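Q: Grabbed the feature section from TrEMBL, which reads as follows:
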COMPBIAS  177-192  compositional bias 'Polar residues'
COMPBIAS  199-210  compositional bias 'Basic and acidic residues'
DOMAIN    17-89  domain 'Agenet'
DOMAIN    91-145  domain 'Agenet'
DOMAIN    206-275  domain 'Agenet'
DOMAIN    278-335  domain 'Agenet'
REGION    1-23  region 'Disordered'
REGION    177-210  region 'Disordered'
Amino acid sequence: MSQKGKPMDAPATEDPPYLQPGSIVEVNHEDNVCPRARYTAIIMERATSTNDKRYVVQFTNLYQDRNSGTKLSKEYNSVDIRPLPPPQSPRKFKVGDIVEAYFDDGWYEGKIDQVLDDDRYIFRTLSMFLLFGVNQLRLHRTWLNGNWVPPLDESELAVEDEDLTDRMMEIDSNQLEWETDSGSAETSTAGTGNILEESDQKTKEEEFSEGERVEVANIDEDGFNQAWLAATIVKPVENNRYIIRYETLRTGNDTGFLVKEMDSLHIRPPPPDIPVPHQFKMFDNVDALYKGGWWKGIITRVLPRGSRYKVHLDNNGKVMEFKHSDLRLHLDWIDRKWTKPSP
């Protein structure tokens, strides 16, 4: 095995170039947080303990002992190792694209869940929803039989020969910006508990107070409300607008929750805590917990045992199955009053 974190001076083998000692690669390092994450590593040597094609790698950003600076070394099969993809230019993504997002020193596989303004995207991996800028994302590709699938086109490659990982590190995804009505931009550090200065006293025009729990509308590109997501009022601003902090959408490096400015028209108090029926019935108007928010729908089928239901979601046309605990009776917020919709 190598000494002092350097690959051994071994003669070239019949292995492909990216598996030669000293090559920089990406390794599929599975853990309990995300089984589909890849980290940069260096090939140290070919393992001699087995007849299989296994290699000892040393990670560039994962530590065995962070206090001493000892990098993590581990043995992997060749199927878990692939070349380092060349730097790629930023690109536009659309909802449903399978991508890889850079955070926590690795590339995590997931899906574009929502497209925001300013080239920002809501990224979903397993049960997490995270916010990323376009420079922190790349299209997911598979290394298969010595080729990238889908293939890498020359037009996708970055013009300048720069280290993509270094560019990712320069982006502080904690820093979120929002436009005020005056056109100036304010910046805050999400999830720190001291995002903004203390708000002034509540005025008569203000509907919500600092620290108040609310629900905010998830507006799509066409201006329609898809769902209601739980949030907290951080600070009132002028013209009936508020800085809110989501309770289910997190920042790109998962250090805090996403912060955003919203108009009061898209904010409401949480629905009253009314008793949930023992069993919903056909055609009941309900809200279904989906993608971290409450989506309006209607019961289309009561499944056996009455603990699961088929629900037609109004805003996306999908019919999906939900368990009883992920449903609540639907109420409409009209003229600052909760009302039951007509059957």
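Placement of Cβ uses the backbone N, Cα and C atoms for every residue, glycine included.
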Q: Could you break down the residues of the domain 'Agenet' (206-275) into DSSP helix, strand and coil, giving a count for each?
A: 3 helix, 39 strand, 28 coil
Q: Using DSSP, tally how many residues of the domain 'Agenet' (17-89) sit in helix, strand and coil.
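A: So the counts come to 6 helix, 39 strand, 28 coil.
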Q: By DSSP, how many residues in the domain 'Agenet' (278-335) are helix, how many strand, and how many coil?
A: 6 helix, 33 strand, 19 coil
